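Taken verbatim from Swiss-Prot:
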type	residues	note
SIGNAL	1-23	signal peptide
DISULFID	Cys37-Cys120	disulfide bond
ACT_SITE	Ser170	active site, nucleophile
ACT_SITE	Asp198	active site, charge relay system
DISULFID	Cys209-Cys214	disulfide bond
DISULFID	Cys252-Cys261	disulfide bond
ACT_SITE	His263	active site, charge relay system
DISULFID	Cys278-Cys302	disulfide bond
DISULFID	Cys279-Cys327	disulfide bond
DISULFID	Cys295-Cys300	disulfide bond
Amino acid sequence: MMNLKYLLFFCLVQALHYCYAYGDPSLSNELDRFNPCPYSDDTVKMIILTRENKKHDFYTLNTIKNHNEFKKSTIKHQVVFITHGFTSTATAENFLAMAEALLDKGNYLVILIDWRVAACTNEMAGVKLAYYSYAASNTRLVGNYIATVTKMLVQQYNVPMANIRLIGHSLGAHTSGFAGKKVQELRLGKYSEIIGLDPAGPSFKSQECSQRICETDANYVQIIHTSNHLGTLVTLGTVDFYMNNGYNQPGCGLPIIGETCSHTRAVKYFTECIRHECCLIGVPQSKNPQPVSKCTRNECVCVGLNAKTYPKTGSFYVPVESKAPYCNNKGKII
């Protein structure tokens, strides 16, 4: 039933794509007339996690200084923002698992952005899929919110931009991109990295760089492609990893029907790449289907937090298995 709903969702979104402008709410007067998923700073929440404090309490811009880390004069952690997508939440199991993997890996300050109201998560189950266009139009506003928190970190807590990384899934990937644009507009500099996990395709894949996540949004933009309907095969970043060619992920069933599974696999893949060094290896598209066993550090790239330490950029094919940890490298590390 859920797969049928998403199949209908594809058709609806593609029709709406020709009726409305997306990515910038100022471009669409029609969306302003009736918005069932309105954006407000007050409805965006943050879960702030460290190794010492893993409570899933919610904070806002007004209450963030109640958190112990924000009572200090300086924050010395590397900071990672995680942003969910359409009809999801920061408390979804896959995002909490990613946050936990980060904390196991290093002494990070993890900020999960919960914009469920503007992402239409709270709407009636049978109706909210029709509201995708409203959530898409809110992404820039949520990106501006992340930029506001970033400004606080930089100016009040002496966090260098080089210590801040953004991770976003689906619409959350574009939200992260808009945050990257906004911090540059505020003259804060660039984020060290933005990681887009299967960035949403509908409403964005045909847009110019200013209206979607783009390689100029951070010093390094890593994109993981896992679906070609909910996601996109368009190259967007410094490096673009096409997992199993970017669609129909192993273990997700038939094309289209398994699209939702493929779309969410991006989060699972990246979480495994946090847990396991060089879990998944990207082979240059020009050399596909070269086996990863022939890869060297100078031509291939490992997906994950260390991707930017490799010299190669561009598009990469990544073979994956159907079950966690999804590695197809037979223990090879480059």
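Placed from the backbone N, Cα and C atoms, the Cβ positions cover glycine too.
Keep in mind that what you see is a predicted model, and the values were worked out from it rather than measured.
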### Summary
Neighbours of Cys302 (disulfide bond) among recorded positions Ser170, Asp198, Cys209, Cys252, His263, Cys279 (C-alpha cutoff 10 angstroms), in sequence order, are Cys279
#### Entry: Candidate with sparsest Cβ neighbourhood (10 Å radius) among Cys209, Cys295, the listed disulfide-bonded residues
Cys209
### Summary
Candidates His263, Cys279, Cys327 (recorded positions); min other-Cβ count within 10 Å returns Cys327
#### Entry: Neighbour-count leader, CB within 10 A, disulfide-bonded residues: Cys261, Cys300
Cys300
### Query
Would you say which of the disulfide-bonded residues Cys252, Cys278, Cys302 has the most Cβ atoms within 10 Å of its own Cβ?
Cys302
### Summary
The correct three-state DSSP answer for Cys261 (disulfide bond) is helix
### Task
Can you see whether DSSP assigns Cys209 (disulfide bond) to helix, strand or coil?
helix
## Note on the structure
Within the same chain, the residues at least 6 apart in sequence whose Cβ is under 8 angstroms from that of Cys37 (disulfide bond) are Val117, Ala118, Ala119, Cys120, Glu123, Tyr131, Tyr134, Ala135, Asn138
## Note on the structure
Checking the recorded positions Ser170, Cys214, His263, Cys300 against Asp198 (active site, charge relay system) with a 10 Å Cα-Cα cut-off, in sequence order, leaves Ser170, His263
### Query
So what sits near the residue listed as 'active site, nucleophile' in its own chain, CB-to-CB under 8 Å and at least six residues off in sequence?
His84, Gly85, Phe86, Ser88, Leu197, Asp198, Pro199, Ala200, Leu230, Gly231, His263
### Query
Out of Cys120, Cys214, which of the disulfide-bonded residues is least crowded by other Cβ atoms within 10 Å?
Cys214
### Between Cys252 (disulfide bond) and Cys278 (disulfide bond), the C-alpha gap once rounded to whole angstrom
23
